[in-house]
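According to TrEMBL:
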SIGNAL    1-28  signal peptide
DOMAIN    40-161  domain 'FZ'
DISULFID  45-106  disulfide bond
DISULFID  53-99  disulfide bond
DISULFID  90-128  disulfide bond
DISULFID  117-158  disulfide bond
DISULFID  121-145  disulfide bond
TRANSMEM  223-247  transmembrane segment
TRANSMEM  259-280  transmembrane segment
TRANSMEM  300-317  transmembrane segment
């Protein structure tokens, strides 16, 4: 009987130590993640590590790039999807243009990354868009030439490119198309492959956000309202119990003290549902990819809000089950 309170106190101490260590790790890693070029973090120059862009006339870049890619390895995997177009040779400047998008030039004297000029974009687009159209691919919206500076001047700096050195090539004919066959469709192992997008960086398929795959919109709305109601009720009841314990802990002796830990766990579980309710399901479970659109989160390491809600729900539900 003498060892029971010690065991409970030790468990409580261990619980708060784990929570404190997790919060400390997140706080310690935050400036590191921000310095690596995540949205909102300070941009800094770094050597170009993308093999296709290491011989384009400059050797420093910064992340995120002009299409929002945060890591160079992700930029390289997306740049690889343009290899058939580069090999076809629709423009001698296509590789330089794509590198200026995915690995824009960086210099310590300029606060923002330096991308292509509008004339360079238009030259490449006029030569390569017909080729892409013949193969069934439209010119990507994120390569809209109107978003680039019209000329290189003191107000807006941009790269004009090395100049076009190749004659205008005709689009590929149906007879020549088998030389560069269209790659097989991805995500076909899902029941609704058109509702997924393939991510080159992770070689996985991510569902489009706000699409109905397994449930209808009304089903998801009903489930959201139902969980929100019970989350509020759970938070109120467990909060009242915790307040009672704080005001007078005498009635909560061993073995009744275990009920306090159980109530605390369920209170934090309800907080996880309330965070989703207040922030909105889209901001928690979705993220915007500049090339693929609004996708469901499949890698939560760099999505703090999703990781936080997952931690609250998974960890404290498991802890409540143990108690």
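We number each residue from 1, going along the chain as drawn.
Glycine is treated like the rest: Cβ placed from N, Cα and C.
Counting residues 6+ beyond its ends, the transmembrane segment (259-280) has Cβ neighbours under 8 Å at 8, 11-12, 15, 224, 227-228, 230-232, 234-235, 238-239, 241-242, 245, 252, 305, 308-309, 311-313, 316-317, 319-320, 323 in the same chain. Nearest to residue 45 (disulfide bond) in space, judged by Cα atoms and limited to the disulfide-bonded residues 128, 145, 158, is 158. Each of the disulfide-bonded residues 45, 99, 106 was scored by the number of other CB atoms within 10 Å of its CB, and the largest score is that of 99. Scoring each of the disulfide-bonded residues (90, 145) by how many neighbouring Cβ atoms lie within 10 Å, the top position goes to 90. Nearest to residue 145 (disulfide bond) in space, judged by Cα atoms and limited to the disulfide-bonded residues 53, 90, 99, 106, is 99. Of the recorded residues, residue 106 (disulfide bond) and residue 158 (disulfide bond) place their C-alpha atoms 11 Å from one another. Taking only the Cα positions, the spacing between residue 121 (disulfide bond) and residue 128 (disulfide bond) is 10 angstrom. Helix, strand and coil counts under DSSP for the domain 'FZ' (40-161) come to 52 helix, 8 strand, 62 coil. The Cβ of residue 117 (disulfide bond) lies under 8 Å from the Cβ of 148, 149, 150, 151, 152, 158, 159, 160, 161, each of which sits 6+ residues away along the same chain. Along the domain 'FZ' (40-161), the predicted structure has mean pLDDT 86.
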